[in-house]
Amino acid sequence: MSRSYALRRRPAPASVPIDLDSSQRAVVEHPGGPLLVLAGPGTGKTTTLVELVADQVERRGLRPDQVLVLTFSRKAAEHLRARLVARLAGAPGAPTATTFHAFCYGLVTEFADPETYGQPPVLLSAPEQDVRIRELLHDPPESGRVRWPRDLKAAVAARGMAPELARMLSQVRALGMDPEELAEAGQRQGRDDWVATGAFLEEYLQVLDGQRLMDYSEVVHRARLIAASPQHQPTLRDRFRLVVVDEYQDTDPAQVGLLRGLAGDGRDLVVVGDPDQAVYAFRGADVGGILSFPRAFRTSDGSPARVLALASTRRFGENILNASRRVAERLPLPPGLDEASRRAFRHPQPLNPPYGSGQVDVATFTSPAAEAETIADTLRRAHLDDGIEWSQMAVLVRSGARSIPRLRRTLTAAGVPVQVAGDEVPLNAEPAVKVLLMALRAVLAIVALRHSGASPSTASQVDPEALLTSPLCRLDPREVRHLAQRLRAGDRRPSATVLLEAVLDPLATSSVRSPEAGAAGRLARTLHTAADLVQTEESAEQVLWHIWSRSPWPDRLAADAQSGGATSAAADRDLDAVCALFDLAARAEERQARRRVSAFLDEVDSQQIPGRSLAEQGDRAEAVRLLTAHRSKGLEWRLVVVAGVQEGVWPDVRHRGSLLGVDRLMAGGERAPAAPSTSSVVADERRLFYVALTRARERLVVTAVASPADDGDQPSRFLADLVGTPAATSADSMDMLRDGAKGRPRRPLSLRGLLGDLRAKLEATDDPVVRGALARRIAAIASVNGPGGPLLRAARPETWWGVLEPTQSPVPVRPGDEPLALSGSAIDGLTSCPLRWFLGREGGGSTAQTSATGFGSIVHALAAAVVSGEVPADIDAMRAHLDRVWSQLDFVVPWAGVKERREAEDALVRFLAWHLAERGRQPVAVEHEFSVSFDVGGEPVIVRGSMDRVEVDEQGRVVVVDFKTGKSQPKEDDIAKHAQLGAYQLAVRHGAVDELVGSGAPLGGAELVQLRKSVRNRTKIQHQPALAGDSFADEQLSSVVRTVRDEAFAATPGGHCIHCQFATCCPAQAEGAFLLSAQRADRSAEETSDV
């Protein structure tokens, strides 16, 4: 039985009569010719444009298809198109409303030479362009035409070179130049880098043409040539009688050139923009375009274009308006504005704002954690108390990489659903994508092993533990250790080796009967069948789908996505990332059929630029948007939080110089006289801040950290515009911000926060009446069930700390059948506080490397280089080397880097003074790696590590020197039994330096050389005498061995507690005192269970 289907289009929404104000009416009634409309935030520019087009069609006889409307974002184009269709319902045809790039692509495919493009070209996304450039840099054509200058050869392989070349290509095309013209400009200006870049870009474009590819700057360039050509220009100008451009301040010279070709003869060209919102200079946009429009697009009689301004804002009330105006008043305006237009643009009047006058709050906090937690609290209270939908709230930041991950973690933990745009982070940095790429590497390793016949243990690129604990297998770390123990029964190979075989070889777990072995075997079989697909040359998309669909992950994500809350938001994000990866794989297959899976993996791994994800095609129904200020442009919400407004971050006034001098290239190949000034950079940053402030409709919250520490984060100068009175100085305003800094909120406004508060009160009181009331409230929370069981399992007394019996891990901290390996720093840590050592080293709680550790690494490396002769023992030479590497350190604020740089130079001066002083000793090694084995009480021990410097005195005695660059120093009374120095001496006694000085060399002691601080302008040296007989070091090591083997990691209070990062989970500290309340917790649990 055959069926027929009819497509029924959804009827367009009915058009509603629009009540225009006088300034909007003036734009609609513009008699013709070029017109610049200045439109601030919320002034109704979209409505004005729609009514302008409607007036041209209904009153002036223009056909809808003779109207071209251009804007910059896909979403804005779709919105404009829908508005125009609704407004012109019943009119034949429809206006062309699209983005610049989509319009240009259409021109190229319509008018390009068929011999050049037999099929339409494929547009490269920014990440794909980055990969193409990177491939050409690493594997250049054999033409030999690209000869990089000597001082650039090292930079060619650097991560930043590909984006730099992409910027240069965009600038070259924006200025209407060809690569050959760039090379000629380089010869005229004496810039060899431009000559080489011109040759590289020429080959790049040839490669893209050969592959039927085109990047965004190239498609605009070729469209501009088409619009300017005598052959096609008359056709286009006859086709489009009215050209309208939205967000004109974001145009670059290439787009302005396109408009000149379409409507540069004085015909109807209406552009709308706001110079105060010109924030895309880093993409090549030129705010000068809107400032010079009246002169660049003249009327048919040669007069400058007319300028009008929209005079009323409907987005927000006077409070938000006044706050944003104080920021904008310092920005330049287009020249030639009459006083009425100037006043209307800079001082629009609120017109029926939907939420009254609005509210502006500026708050500072003592720490980033306090700031993030208060933001979460603010959003939750707005949702629960004020009824604001999650989707009507947003958090805006200056830097996505710096701020978004931290805020996302805090908001998600507080139960705030969060949506982060897919192009805020590169696709390969998404956790879900990392898992699939890791599995793809394992598949390729299996294929390689099949060809080579080698053992799976040689597949060093595969991380077996990461795969086993990933969502593809779902073992936890304890189960992985248990699996490794089972596999190593009777096998002396390391755990990493047997786990690798378990992942890559399905037979490796066949002899083990356990749930963990079964899960690992299923994963290995999936990877092996995926390897079969690779060998039959299936696409990357097919291989990825096989891995994905054969795992339990899809079902779990689908369930989590429907569960609501933070779990649902995280699942949505993972699903979006996975879909984006499959979309990229499909695009790769379209561009190059039968492309190797390894080539696809290399492409994704190489991506360093974020790209658009599927999540952007439609916003989440109910989630707070977390995004950069740049991405917020054109959007609005009832509540907006502008977070992290710190000095040194916003404004970001770091040097924006370009390796290739992109910012120095001007039209005609001329060179700009100087790089952008600091004042122009601050102006750009102020525009971005203004954009962020004006996204709010009802409430605006601006936050920053005002650290009490002298070298801590401080609020931005921009906040001074928002606080205080008009008569207050900037210094007065900053003092107000610092004095008003707040700490963390009392408790999160969440069910979990309420439970924590109730439990804390229950623990703190002995009043039976109060305890009973509190226990009943906790019991009420525990009785509430959600879709999958208890809504808050932590409310159930059997889960509380101190109620359960202590657990015993089946896997020892260190394998009992292997020698115990310890470093000097481990011995020191275990001696001072075993608990801190365990939590940091074995528990994985150590923080990532900071600028302080980088400081120490640089100073240690230079000290070693002086002894080895790589660097002269001269402070100027050491300064030069310091300058070369210092920029690699990352400091939160620039001034902290300057301060640390001075201290690093001071440390080198102290080192040099110590090094050149006569001590009767000679250095025999620097950075000396050692490993010695011996028994301690019958227990085999390995002591290993690195000695900063080994010296021998005139009596042949060995002295070990350890350089210290930290700010804290041990007391003089503690040096005699300093554990790390003692460990070094024990290592020397057992042969650690025998290859340097021969066996049996006597000990001469050990010493700390403090390079961070001096004593009366002299380098501070703390010397430990030579060990003799059974020393304190032997006792310390014996105690350390017992501690590790007994796994008795006790908290040991001392001076080191001041800087300890584990105070909140230490029973010896007030912050961790809850760990001692097991008896009280047991009592509270019993009372709650009785209820």
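Residue numbers in this text run from 1 along the chain shown.
The backbone N, Cα and C atoms fix where each Cβ goes, and this holds for glycine too.
TrEMBL does not curate its annotations; it predicts them automatically.
Annotation source TrEMBL lists domain 'UvrD-like helicase ATP-binding' at 18-317. Taken from TrEMBL, the feature ATP binding site covers Ala39, Gly40, Pro41, Gly42, Thr43, Gly44, Lys45, Thr46. Feature annotation from TrEMBL assigns domain 'UvrD-like helicase C-terminal' to 318-634.
Looking only at the binding-site residues Thr43, Thr46, the densest Cβ neighbourhood within 10 Å occurs at Thr43. On the 0 to 100 pLDDT scale, the model's mean across the domain 'UvrD-like helicase ATP-binding' (18-317) is 86. Apart from Ala39, Gly40, Pro41, Gly42, Thr43, Gly44, Lys45, Thr46, the residues listed for ATP, the same chain places the Cβ atoms of Thr48, Asp274, Leu310, Thr313, Arg314, Arg315 within 8 Å of the centroid of those Cβ atoms.
Just so you know, the Cβ of Gly44 (ATP binding site) picks up 21 other Cβ atoms within 10 Å once every protein chain is counted. In the three-state DSSP classification, Gly42 (ATP binding site) falls within coil. A simple way to gauge crowding: the CB of Ala39 (ATP binding site) has 28 other CB atoms within 10 angstroms, across all the protein chains here. Long-range neighbours of Gly42 (ATP binding site) (same chain, six or more residues apart, CB within less than 8 Å of its CB): Thr313, Arg314, Arg315, Phe316, Glu636, Thr694, Arg697.
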